[in-house]
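Everything below concerns the one structure shown next.
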Amino acid sequence: MDPLQTAHAGPRKKRPRQTGASMASTPQDVRFQDLVLFILEKKMGSTRRTFLTELARRKGFRVENEFSDSVTHIVAENNSGSDVLEWLQVQKIKASSQLEVLDVSWLIECMRTGKPVETTGKHQLVARSDCSASPNPGPQKTPPLAVQKISQYACQRRTTLNNCNHVFTDAFEILAENYEFKENEGCAVTFLRAASVLKSLPFTIITMRDTEGIPCLEDKVKCIIEEIIEDGESSEVKAVLNDERYQSFKLFTSVFGVGLKTSEKWFRMGFRTLSKIRSDKSLTFTRMQRAGFHYYEDLVSCVTRAEAEAVSVLVKEAVWAFLPDAFVTMTGGFRRGKKIGHDVDFLITSPGSTEEEEEQLLHKVMNLWEKKGLLLYCDLVESTFEKLKLPSRKVDALDHFQKCFLILKLHHQRVVDSQKSSQQDGKTWKAIRVDLVMCPYERRAFALLGWTGSRQFERDLRRYATHERRMMLDNHGLWDKTKRIFLKAESEEEIFAHLGLDYIEPSERNA
């Protein structure tokens, strides 16, 4: 049986309802003084009412706990106009003719825009003039808010760093990571795809109706979304975060050079802390792992954009000392606009160099840094690239270009706006992880596209090429299976054009 299905097989336990005591209002937070809202609990439930009330107040709306003469807008869910008017009569409340009786879709749209929207049309359950009349209008169903056509492929969606659905995507990424630790790729991809599509949405999901028409949301994913909407968190995510195996794998894999196999081995041996692993004399470590432990504190801390820019200057100075015409491009998350990362990636290519000069460049750069005392660790992997070899069928395949995985010493004085607080214990430098990739000039567009990411964007780009265009794409090239030829490209824009896709800027590839 599918492990994901078993995880959601039983009915979810409902949490205790929150009382109205938690629904206090602070006048100084009210941005829209002319509007006074009352959210009807009937057919909605107290938990959801509390959630919407708190959300509206955070957005600057005044929401009353009890109905009063000051209320200007009454919001209801799954109620017709006559239902609301009947409720008002039962409560012996005489509604003003100016009272707006609105479907919850109005409030949701207000939350998305961050300000009040037009009340007329689809949101209105009762016309203003009917509010004081007898409740005889027929039921008026409000259709779900239309979700524009969203592609299942990340390469057809524009995903910036402005994520409106962190509460859901963070949960999905934790679950995906847990399945990756268990080497269950299928389940991991399910949650990664769901996280990817929610990151592209220009609005926050507030109700399950908002998920209608959105691709990549399987039933097990929607179950998590529903629980977070109702309870504010996922019990399954909470269980994962408290799971000893997950905590151990998360800790072990934070060490440079430690993968799943080593983590599994250490966990089975009973290790739960890095200090115990470091001090155990029976364990042997690879050269990469020894470097990972030695510089652990620096490597586990995030690399800032200022530090990345300083490393960029360092790399360009070294490369240009040997190949003055070389192009050095920062790739990865920093090219996509991120402010922090775990390492800094660079793509190097030279239009005027010979094959021998390309092969020797990284060796010369390493020797230069070693002489300057900047090279703390180096693992150079020689190129196995073959020009006539077809692109890989695997969506996660690594490329065959020459590359170097490094740890460099970055002096604080080279960093613009360097915080003095980081210079603790008299230490004047920080160890930074750096990846250098050397590629042939004619393949630079494909390599740049692949190394820019994100991981899910690249996966979907390759899936799209295979399933929709009968092509094969990887970091080396693009093969047309119908014409049986390699398609040339001088830029990323040309690759998108070959695939029949609108060009997407790096800052919109944060899938």
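Sequential numbering from 1, following the chain as shown.
Backbone N, Cα and C define each Cβ position, glycine as well.
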Range annotated as motif 'Nuclear localization signal' in Swiss-Prot, from 11-17, 25-31, 417-423: 11-17
Given that Swiss-Prot lists D343, D345 as binding Mg(2+), which residue among D280, D399, D435 does it place in the same site? D435
What range among 58-62, 128-132, 258-262 does Swiss-Prot record as region 'Involved in DNA binding'? 258-262
When you tally the Cβ atoms that lie within 10 Å of each candidate's Cβ, which of the binding-site residues (D343, D345, D435) has the highest tally? D345
How does the domain 'BRCT' (27-124) divide up by DSSP, counting helix, then strand, then coil residues? 39 helix, 16 strand, 43 coil
Any further residue of that chain within 8 Å (Cβ to the Cβ centroid of D343, D345, D435) of the recorded Mg(2+) site: T331, G332, V344, F346, F405, R433, V434, L436
Please give the average pLDDT for the region 'Involved in DNA binding' (258-262) in this predicted model. 97
Kindly assign D435 (Mg(2+) binding site) to one of the three DSSP-derived states: helix, strand or coil. strand
Let's see if you can do this one: DSSP helix, strand and coil counts over the region 'Involved in DNA binding' (258-262), in that order. 3 helix, 0 strand, 2 coil
DSSP secondary structure for D343 (Mg(2+) binding site), reduced to helix/strand/coil, please. coil
